[in-house]
Amino acid sequence: MMNNIASPTQGKPSRGGWNAAIFIIFVEVAQQFAFYGLASNLIMYLTNVLDQPLATAAKNVNTWLGVSSVFPVLGAFVADSYLGRFTTILFSITIYFMGMVLLTLSVSVIPSQSCRAVFFVALYILSVAQGGQKPCVQTFAADQFDENTPAERKAKSSFFNWWYLGLVFGATSATLGVVYLQDNVGWGLGFGILAGVLMVSLLLFLVGIKRYRKQRPPGSPFTTLAQVFVAAARKWHVNETLNCESVYYEDEKGGATVEGQPQALVLSRTNQLRFLDKAMIIDEVDASNQIRNPWRLCSLNQVEEVKLVLRLIPIWLSCLMFGVIQAQLHTFFTKQSSTTIRSIGSHFQVPPASLQGLVGIAILIAVPIYDRFFIPLTRKYTGHPSGITVLQRIGIGLVISILNMVVSALVEAKRLDVAKHYNLIDKPKAIIPMKLWWLLPQYLICGVSDAFTTVGLQELFYDQMPEQMRSIGAAAFISVIGVGSFISSGIISIVQSITSRNSDKWLGDNINRAHLDYFYWVLAVLSTLSLCVYVLIARAFEYRKVGGEEKLKAEMSIFAKNHDGET
């Protein structure tokens, strides 16, 4: 069971569980509220206020999203190696608040000749804060549940669904409320509200300080990885004796323990990536040494932890096109909606970016249905505690994301036909006589694919990473969206370069003369190829094997059957 430790200001053990996790969820809800209150409407600020060309603004948005999603890798390393998750979160919330205050000042009181530079500086301060907070908050919240007991392990599996539901609630509230204020009242007020919410989240995080189950940083997780590779390389010439288990070094405790850390799980040996097994072979040199040299001889647990990391890399690569598709939500989807009839009644005009709230609404509906109906139903047929495996859940989401691009291409083709019919091709700022509800399917499908793939990636990269690298695992999942944004910018540049040779650009400033539908078809084809690769990788994927895991799974299965239908 995970050990509780006392914080420096606390004499009693922290409790953990939902009583602690709920405060951490509030922090993430506020972060999502602030992030999407900015990201969802950023394309409109860059094009309408800063007068940037559409393609340039789209690439700037993608670059900022990419940096914000890649920085968590560095933040996770700092948290796991030096500061710990609690301290990293505390610093990050503070920096986030300061960056949002600076952003608010840049659009309100700072002189126009300096506001552009200050605006972009503030943007990337938020990226730094995102890097520290994003990988740690989810992991810190999940750490409040003990995965060695059936009740808490089941609660943790459900936690990922409800955690993501909270995230979506925060993002949806921002896209529906704050975006309206930005477009109709002022950018200063809109960003000021985001800063205020961040300040409240900081106070709430401090209120729950005595409830948290904390872990001290175990040190650089990359040292273990390096030791296994070095040890395996130094013994590349040693022949492996499969039938003689005595030649392998096994640490019964599962590796070195660190004060304030839970006891490391004892991993079972797997047959994949066998070349790394040489790192735990005891040769003549190791046998003659009284003290183990960690750069020559590694434990079974160390080797299997490295295998866990390496097995996740192909999954990560094969999901990048999902990140590319999601990047369209903040760029071209918003520009599409800005050309449609968005009036509801005689006085209310829906802001273009607020349509992104439909994605959140779809997730808010899909996740509870998945958790309360889909899992119990499929569990009866599969016998799996979660109904289907995590990889199957991700795969379903990838298929739905391809469908999203197909539907988006068809809707855009319809929008262009309407523009041609009413002779609005050369009027890019004109409102096309087409209701915004035509865009409803692509937003809703985007939300359903998100509910499957994103939650699945969260759970996979938390559960399959070594315990001391779980913040980095969370960062790796987040970077799928970030690297996907960078790839999206690259695809935009390639498409611009190729189509600019002809008079008919696919992604020109005049969206009515552009061929955004062709661009969506390209993404659909690339995503289909990526899906084929994912299926091959997923079929060969080997989940983490832990000593005593089968007994725990049996207990969980019995627990699940006895508690189906309970809230």
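Here the Cβ of each residue, glycine as well, is placed from N, Cα and C on the backbone.
TrEMBL annotations: computationally assigned, not manually curated.
In TrEMBL, the feature transmembrane segment is placed on 64-83, out of the ranges 64-83, 224-243. Note: the stretches the transmembrane segment (390-411) and the transmembrane segment (353-370) are not in contact (fewer than 3 CB pairs below 8 A, sequence gap of 6 or more).
Under the criterion of 3 or more C-beta pairs below 8 Å, with sequence separation of 6 or more, the transmembrane segment (474-498) and the transmembrane segment (64-83) qualify as touching. Among the listed stretches 64-83, 89-110, 162-181, 518-537, the one sharing the most Cβ pairs under 8 Å with the transmembrane segment (187-207) is 89-110. Beyond the transmembrane segment (64-83), the same-chain residues lying 6 or more positions past its ends with a Cβ under 8 Å from any Cβ of the stretch are 35, 39, 42, 91-92, 123-124, 126-128, 130-136, 217-222, 327, 330, 468-476, 478-486, 489. Distant neighbours of the transmembrane segment (89-110): 24, 27, 31, 34, 38, 45, 49, 75, 83, 118-119, 121-123, 125-126, 128-133, 136-137, 140, 186-188, 191-192, 194-195, 198-199, 201-202, 205; these residues of the same chain sit at least 6 beyond its ends, with a Cβ under 8 Å from one of its Cβ atoms. Long-range contacts of the transmembrane segment (518-537) within its own chain (CB-CB distance under 8 A, at least 6 residues past either end) are made by residues 314-315, 318-322, 324-325, 328, 332, 394-395, 398-399, 401-402, 405-406, 408-409, 412, 491, 495, 506-507.
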